[in-house]
Each structure stands twice: as structure tokens, then as C-alpha cells.
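Pulled the feature table from TrEMBL, pasting it below:
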type     : residues : note
COMPBIAS : 62-72    : compositional bias 'Low complexity'
COMPBIAS : 154-163  : compositional bias 'Low complexity'
DOMAIN   : 308-346  : domain 'Zinc finger Sec23/Sec24-type'
DOMAIN   : 383-635  : domain 'Sec23/Sec24 trunk'
DOMAIN   : 642-727  : domain 'Sec23/Sec24 beta-sandwich'
DOMAIN   : 738-838  : domain 'Sec23/Sec24 helical'
DOMAIN   : 865-930  : domain 'Gelsolin-like'
REGION   : 1-123    : region 'Disordered'
REGION   : 130-149  : region 'Disordered'
REGION   : 154-174  : region 'Disordered'
């Protein structure tokens, strides 16, 4: 049954182009933002009451009673022993139960809305009474959870003896096998809630109101409310919206923040001024970022064989900030200030203001982001439509897990979709034609592999596919010259027949060891002439043939300096293959489904260096994980993708590029970035340094140029132009800091150092960076304030919390974490966009048990009315509640053990009135005609619009039943978990070291001496 209430909007009509593609007419006057069309997002209004269905809040005796504050769903059975009602003053509420905050004020008090603080000189003031330094580590309860438990929760469900498990489910959660022997606590807690209640932070007398410190959910909601009805003009406002905000940008010559974000939108004129802020000067670029339907598409311009006009000295492309002189005969480069002759074919006279008379019809002079179709001199090889090669693991482990079935279903859906459309008039009624899902001209090929590599002839003239087996693993080759790559729609019957037969065919032949490296070599040979993309699945460690891998992880080295050796490939032949693939314009995406160690560092190196992506599904279970894998593979095929790509970044005189961070191939400091493939979800960070002093009378300019071949086979250059003011007053720069760009830059830099520094050093350096930036503001720009106040820049109010979240990520946190998990998180950080990273660091938590009737439906403006998010702390969790927790990678549905049976019936359907009755493999909600079910599905649909490359599927976390509950606990970033402090304790610690910095008593240890936050005074707990 289709969902009549899901929202979806039709895009506005595109602008009508003129006769000259380079002289497009704008649908509105330049410089005036367009008006938001009514109902632009197209969300559905509230559904009418369903006859015979119970109405919201009206269940009477059969359901539940409406509560004044707790929402319509009240708890069912009475609380179990060991879990107290939050209103019980004797137990002092859920905050005391968690014991995470390390503060005394507010325990047991009813929840109140966060206090609103007015702006005062663009600063936020927070008084922190300093607690005396603890003399030793904090006391730990006998039931304290080990790091291995936190990382591999499904292996430790037995520590809760009174909790029933999932019937017939050996391991229902997506977590890998622990690296260390199982830890057994001396006195196991009765429930996870009791375990959390026993946790205690460092003792002290500090008193801080948790509601008075900066809140990420509050700032996100304020920005969302502002840009719900406003359009962001890129030249009129200097401070871009937060990255996670759903906004519409109007390109006025400065590129949209969706494509480019500067860390400082007002740049200090000298290196000394920049150092006084301790902030990085960087640019985060997501060159192929998707746009909203209401935004103008990126214009595509063709200047013929002459190519786009460029500066003869620095080779900067023509852009809106170049000026024209001598009545239009010359243009002055905005980067190097060199005067250039205007080509005769591009000449136009100037008006009285010195601007070209045809300026408004020239997108390259009006828009910050444009694309140029380039002539043959920009070609490395003849551009052709993209070729896809699907490499399917058919080894025994892949067969047993159902990976083959998942892959063939995903490939079929990616190529042909789930629907077919009838042919035009005159055709037979039964005739149908496939809906084309990939650009015209693209070709696909399929190979399978275990101990051998199997190619398939997919020629449309054949009745069925022909298999050719390549057994020479020492010198792999392609055994057929024609029929390997075919038009998927001309050969549809052959391809579908092959996909249907693959699972049954290889079920009879089970080879346990796959030969991945020879397979990749053969795939490289098949695509070397044209370039293309490989999509490869792998279920187990490839231990057969040349380039075989072995188990090299040693848990005894976890937490030592040698642990970093696990984070990089030690096989030179894999590195050489990755470089050769980039040179040929080939990229790779991997779909890994291991049950144990699989050496992501080596296998994923091919994806990393070629610009691809690794999708990781530890402990893959077909019923639960197959839908997610299918959707992510489909997205990988359908997203905007380019190949054979080069990127160059240019900047104004006085600045120079100092470093790049991301997933790419970079041969030397002077070389361009090289990508085998690049897609809409990838971003890179570029840091700049000074080689002179900037002129405050001139703006600072930046331009990125991405030369790539589109999936349809067209060679283009996409240019992004960014401008920023220059100032001699460093404080002005702090007013226009882009917090998301700063965090993204720091995260990428930290991830890039994982193969060089120990994790202990990296955590220490992150802490030092946080203290440096906030101390620099307090010391140099905040004026005179009482010593007990923590003074934060208005634009960096949540900066400290984001750094704490970064330290708590799997990539950097302390404890025993599998190297596969760390490396996967590291590479995600290096390629994440600012929006995806913001959500990854601090997830949103939405309660669904107390939704208002109008929540999650379209409001009067046509936008979805999203309920308010909670702070990521267990102290905000209500007894009997249900919560959606989304961090952009996973979406957890956490349900309290005392949830109302009526809520479960409304959400999951009749007959499901207790937690044990819910399908443990549930990955999506059923479509029901109930108000609550419709609300939650609308909310999930909205979450999908803000996702990157990861599909949104529900991970069920029932209290006391599912191991995913530990994942839920790890996402509560404001609590003391993940081997790090709570948010309040963290701020107290940072404030203390800011005071030491101001008084000159702070000591910095050298990186070579092992900088660590645990070595800093006042922070010596063993869990760090």
C-alpha cells in the first residue's frame, strides 16, 4: 500500500534559455533574491480522520490517557525494580540516575526550556565555578563497562542476566567480533539503565546549570526557523547558514555555501593577526554538491575551440570579480592583478559604471559557480560515457550470508528500477520499456570472483550470458574483447537472466578464499583504455592468489604507538595499483560485509586514493542489512559522478596553498589533486598560509577548478569563486567565522595524521587546539571580564562541544576499538561534507511518544513541521518514551522498556503491543493508517533529504533486549562515555586551562613527547 501522506514537491519550472547558451536570461532581475514558491518542499497536510480508526489522544479505556506534559503515550506496566520514576524526588530523577554530569545543581528538578541569553558585544557569557582538582581518578562502580564492551556490545549481552534476549537470534546487531577476551564485571547490573545510573564523573563542587551552556539543538532550530522563509543571498550576507540548515541559496557571484565554505569570511591581513586568533584559514569544497529544486542549476557554457577566457599569467578562469578597462578591451585578473587582452570574440563595450553592457546575460560574470565545456587541449584521452564494472564476490562466505542475492537485487534496481512505463501510441498494450536510470551511452559489465575470475559476455544477440573463466592469477587478463561492456537496456534480457541465475549457480560451488587483488588487476585492464568505475563486494579477508592479505591486527598493541601501523596498507603492490587506477581515470567503491577482521586499511586504500568510497556492514545479516546495502549501491550508481578528474585551487597574491586534506592522489606539493572518480558526496579541505601581506583595500579571492568527464561523456571544468573581505582588525574576522568549516578542517587534518601520530597524541592535539582558540579569544578580544566567566565567541559557541564529539568518535577515542572500525571512520571523516560531518558529530534526537497532532505534517508555508530535538544526554530521556536518533550514518529507534502498548500498536500494527513482539530485523516502518505511524514516516522521509551517501534504515534498540542500545548510549555525546568526559566537565576543564593560558601558567608539551589530554593538569582519569 502506498503512503498517501508522504511529502514530496514538484520542482519549479527551469529558466528558459536564450538562443545563445552563454547568454542565458535570468527569470528574475540580478541582485534580487527570488521569492520562495508556496509549498516548495511539497509536504502533505495532515491526513483526514480514517473512518473506524482511533483518533489522536482519544483511545479511552482501550488505549491511554492524554497527559499534560508527557504526551499521549503513558507508560504501561509499573516501573521495574532498579528504575525509578523521574519525578521521584528521593531518587532525584534521571539526571542522578545517569550520574554523568559531575555537577550538583538541577538534579531532580523538572525539565525546563533552555534559557535564552541575549547578545552582548557578540559574546556568550557562562559562569563556571571552578572545582578543585581531584586528587586521583574518579571512583568506578564494580559494574563499569570495559572499552571492549562499549565497542562490541552484542558480545556482552550476558552481563544483564535478568533481561530476555531475542529469540532465535545469535547476534542481531551490526557490530564486529571483539578484539580482546570477554570482560565479565564483578557485580553485573540488572539493566543498562542501572549501569548508566552507576556511572559517576569526577567529583567536585562545581555547579553549572546544564541548560545554561551552549546547545547545538537550539542553534540548529533557530537557523532552520530563519531560513524556512528566507533565501540566502551569497553576496549580501557575510555569514553563511549552518551547514545542516535546509536553506535556498541565491548565487550573486559568490559561490553557494553548499559548494564552498571559508573558515574566515573576513580575513586578517597578515599572518601575525591570524595567529592571534589561533584559527585556521581554510576552504572546504564540495564541488559537485547537490542543489535544491528551487535553486538555479549550474550553467553550462561552451566557448568552442577557444575555450573559456583565462588570465595569461596565473591561468585563473574568467569570473564575476574580474574588472574590465579600456572600454572593454582588457580585463584585470582578480588573483594576480595582471591586465589581459580580451579576445575579439568575447569583446563587449562598457557602460557608464565601467561594467560590460552584456554582463547580465553572461552567467560567468554573474554567477559564482559555472561549468565550461572544454576543447581537446584539456583532454587526457577521448571522453566517453562512464563505464560501470560490477565485481561480485561469490565465495562461500558471500553465499552463506546472502551477499550475492543482495548484490544482484541492487544491480537490477540500479539499472532498471522497480517500475516500467508503457511505450508510446501504436505499440502493443503489453509492451513495456525500462525506465532508464543511468545517463545515455553508459555501459555496464559484470564479473564474479572466488579463487578464479569469471567474465561474462552480455552481447544483446545472445540468448543468455556466456561465462569465460580467467584462471591465470599471476598475470590477469581480459579474455574477451567484445560483449564485456554493453548498453544495459539493449542487453536487458541477457543481464537480468544472468543476475537471476548467479545465486543458484554458485551455491553449488563454494570456494572459501576470494582472490581480490587479481580481480582488481583484471578490472583495471578492462577499463584502462576508457576509465570508469568499479563496484566491488567482499565478504571475507582475501587470502588467495597474488596480493593476498593476512590477519595482522594485534589487540596487544591497542593503545600503543604501534597501533597506527594498522591504519595504513603495508602492501606496496596495492598502493601501486591504486596509483595506476587514478592515472587511468578509474575509481572503486567497495561493499564490505565481514564477520571478522578484513583489513579495511588495505582493501579500502584503493577506494581512498581513487576518490571512491567504502561501505562497511560488520556482522551482515541479510534480512536486516540487505535493504540498506541495496539503497546505498543504487545511490552510488545514480548520484552525480565524474571521472578522470583534476582539481586546482588558486588564491590572491599574499596567500598560498599550504596543504590539502581528503581522499585523492596528490603526488607532490606543486601537483594538482587527482581523482579516479569524484561524486556529489565528497569534499576536500584546503589550508592556506601567507607569503606576504594582504591589502585591506582589496578583497581576497579564491577559485577552485575541477576538470572532469561527466557520466554522459562530456569534458568540463567546474569553477567555484569565493570572495572575502580583508581587515587589519583580527576581531572583525572572529565575527564572521564559519564554525562548520573550522570543525571540518580540524577533523580532516586529525584524520590525516592517524597514520603518523598515536591516537593519544591526536586526542591531546585536539584538546590543545580547542583551548588555543578559545583562550586566544578570551585573552585578545573579549575585554575585561570576571575570571570565573567562560567567554565564548558568538560564532563559536558550540565549538568546544564539537571538539569533544570529535574526540569521542570511533576514529580517535580511547579503548580497544577494531582497526577496521577506526580506519573506516577515518576515511569517512576525510571525505565528509560539512553538513554530513555536523550531524555525524552531534546526532539529532527526536521524541516520538509526545508528538503534537500537527507535528511532522506540512505547515502553512508547505514545509514540514519538525518537532524539537533533544540534547544528546540521557538526562533528557523520559520513562516510557520512544526516540529516533539519527547521526547521518545510522538511525536508531530506541524504545523504553515501559513504553505504552498503544504506542507500539499505532507504530507497528495490530498484535504488536510489547517489545518482544517487534521483528528484531526491522529496518523500516510498515505503512499504517494511524496518525503516529504517518508522522514518524514523514519524519524519516525528511531525514532522508539531509543524508549523504548512507541510506536511512532503522536500527531497532529495545531497552534491555538489543545490543544496539550500546550504540544509542554512545551517541549521547553530552554524557560521560566513549572514554571521555561529559559536556559540563569538559567545559570546566577547558575553562581551567584557558585561565592558565591567560595567567601564563599553562604548559604545552611537544608532540614528540606524546601530547595527551590525560597529561594535562586536572584531567588524569584512566578512561581518557
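Cβ from N, Cα, C; glycine included.
These figures come from a predicted structure and were not determined experimentally.
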Take the domain 'Sec23/Sec24 helical' (738-838) and average the pLDDT across it for me.
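Across the domain 'Sec23/Sec24 helical' (738-838), the average pLDDT comes out at 94.
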Can you name the far-off residues of the same chain, 6+ from the ends of the domain 'Zinc finger Sec23/Sec24-type' (308-346), with a Cβ under 8 Å from a Cβ of it?
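That would be 253, 301, 354-356, 364-368, 372, 374, 650-653, 699, 701, 703, 705, 717, 719, 721, 723.
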Over the span of the domain 'Zinc finger Sec23/Sec24-type' (308-346), count residues by DSSP class, listing helix, strand and coil in order.
6 helix, 11 strand, 22 coil
Which range wins on Cβ pairs under 8 Å with the domain 'Gelsolin-like' (865-930): 383-635, 642-727, 738-838?
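Answer is 383-635, with the largest number of Cβ pairs below 8 Å.
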